[in-house]
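Heads up, the thing below is written out as structure tokens.
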Amino acid sequence: EDAIFLRKKITLLRAFSLLIGSMVGSGIFISPKGVLKNSGSVGFSLVIWFSCGLLSMFGALCYAELGTRITKSGGHYIYILETLGPLPSFLFLWAEFFAIRPANSAVVSLAFGRYLLEPFFAPCAAPVPAVKLVSLLGYYMVLTLNSWSVTWSARLQTALSVVKLLALALIIVPGMMLLAQGHTENFQDAFDRQSLVLDKLPLAFYAGMFAYSGWFQTSFVREELVKPERNIPLAVIVSVITVIVGYMLTNVSYYTVLGTQDVLASPAVAVSFVQRAFKSLISVVPVLVALSCFGTMNGGIFTFSRTLFVASREGQWPPLFSMIHIRRHTPLPAVMLMFPLVTAMVCIGDIYHLLNFFSFSRWLFIGLATLGLIVHRHRHPELHSPFQVPLFVPVSFTIICLFTVAMSFYSDPVNISIGCTMVLSGFPVYYLIIHKQMSDRCRNLFSISQDFLWTKLPSFFSTLSDYLTHKLQLLLEVVQQEIKTY
């Protein structure tokens, strides 16, 4: 009999776990190959890893300020809506649903399946159909959990955050031990300029930023956070610094043990690392990595469902997806909506093509969200936020994001053009459905149809079910009589 709403169940520890659990996932275990391939050398790849961490810190600080200025959940969507207006926010929602989120979830789930199966097929590669099947099973398990309970999803995220840090430690410690023993041969001529291709650098940044992606996750659940004005900045700063240090040490460990060609040839860098450095853990580390990916899937579903929930509440998405389960207090329809698209992308997609495909749209709209912070400050100078960053932080972050997005057209024109087309396809949908008000006749027709769906249709199916059940019973009686006669 109480009011139905999303409860404030995310404490500082759970917010920290959500950020760590979302950032430390498949990225650090699959992105080193993409960063090295597009940067050309070990030295430049480490520079890009650190630059991506610094850029992520800038973005996280901008989002922390937005989270204290705008009190609604929804992340990128609500920030763009409140600062730049309904059209760009709907375009983000359109691209997020049809491109960004399903491709991102597919990448993480494919990494989960690959690492989970690697120990069973080593030294051979795991069969692709088996990887995709296990990936889907893992995704469906997370989907079920998020439909069942917010509390248990948050508890799982906290537990898996510890597992993620343990997985990083098992890679960092042996690598640092070998480095201390003088194994520096893989760092000779680290900054080889001959292998540097400038037009590929945006793709290297995409791979690195994918590994750090997740620093914005608390903005999606702002209304469910306990003491958000204090906990958002604190959780963001501590978690991003932790991840930057962990990622830099992990990459140094990779390059200490594996050469450039080994990293480029490996389908699963962490498995190759363990095979070379720490054979006694050959069956442990891949499982820990798979659990890390599992936690990232959990965090992604947990937060994206809130975007659909808020968009429905704002009138830019069907009202069904603003509904909450009356007993479990989970946004069940919003959680289940991604099921078919992620399934399709896992079945037909490849990790690195999917990564470039969704990165264009994601970083375009993140740049627009931080641009919105600058606009919001200009429009509301009287609003004093409890947390405020220097102006050069959102300005520099926005410029870098938009410049990287523009440069990526030269680096991978096919996948980037597909992502751009996906964004632009939202224009006619917005003007035909969202912007244009329906006529009274259409409204009446819609209300009549809705009345039929919710009142007449269930009674029709109930009558039909009773009729079919009765006929089936008569048929069974006739069959039994025939059997007795025979």
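We count from 1, first residue shown onward.
Just so it is clear, glycine is given a Cβ too, placed from its N, Cα and C backbone atoms.
Annotated features, as they stand in TrEMBL:
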type	residues	note
TRANSMEM	12-30	transmembrane segment
TRANSMEM	42-64	transmembrane segment
TRANSMEM	76-100	transmembrane segment
TRANSMEM	120-142	transmembrane segment
TRANSMEM	162-183	transmembrane segment
TRANSMEM	203-221	transmembrane segment
TRANSMEM	233-257	transmembrane segment
TRANSMEM	277-297	transmembrane segment
TRANSMEM	332-354	transmembrane segment
TRANSMEM	360-377	transmembrane segment
TRANSMEM	389-410	transmembrane segment
TRANSMEM	416-434	transmembrane segment
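With pairs at least 6 apart in sequence, the transmembrane segment (42-64) and the transmembrane segment (360-377) have 3 or more Cβ pairs within the 8 Å limit; the two touch. With Cβ pairs under 8 Å as the measure, the transmembrane segment (416-434) is packed most heavily against 76-100, out of 12-30, 76-100, 233-257, 389-410.
Of the recorded ranges 42-64, 76-100, 162-183, 203-221, 389-410, the transmembrane segment (12-30) has the largest number of C-beta contacts under 8 angstroms with 203-221. It is 42-64 that, among the stretches 42-64, 162-183, 203-221, 389-410, forms the most Cβ pairs under 8 Å with the transmembrane segment (233-257). Across 42-64, 76-100, 203-221, stretch 42-64 shows the highest tally of CB pairs under 8 A with the transmembrane segment (389-410).
Note on the transmembrane segment (76-100): residues 63, 66, 70, 216, 219, 304, 307-308, 310-311, 314, 316-317, 337-338, 341, 357-358, 361-362, 365-366, 368-369, 371-373, 375-376, 419, 422-423, 425-427, 429-430, 434-435 of its chain, located 6 or more positions outside it, place their CB under 8 angstroms from a CB of the stretch.
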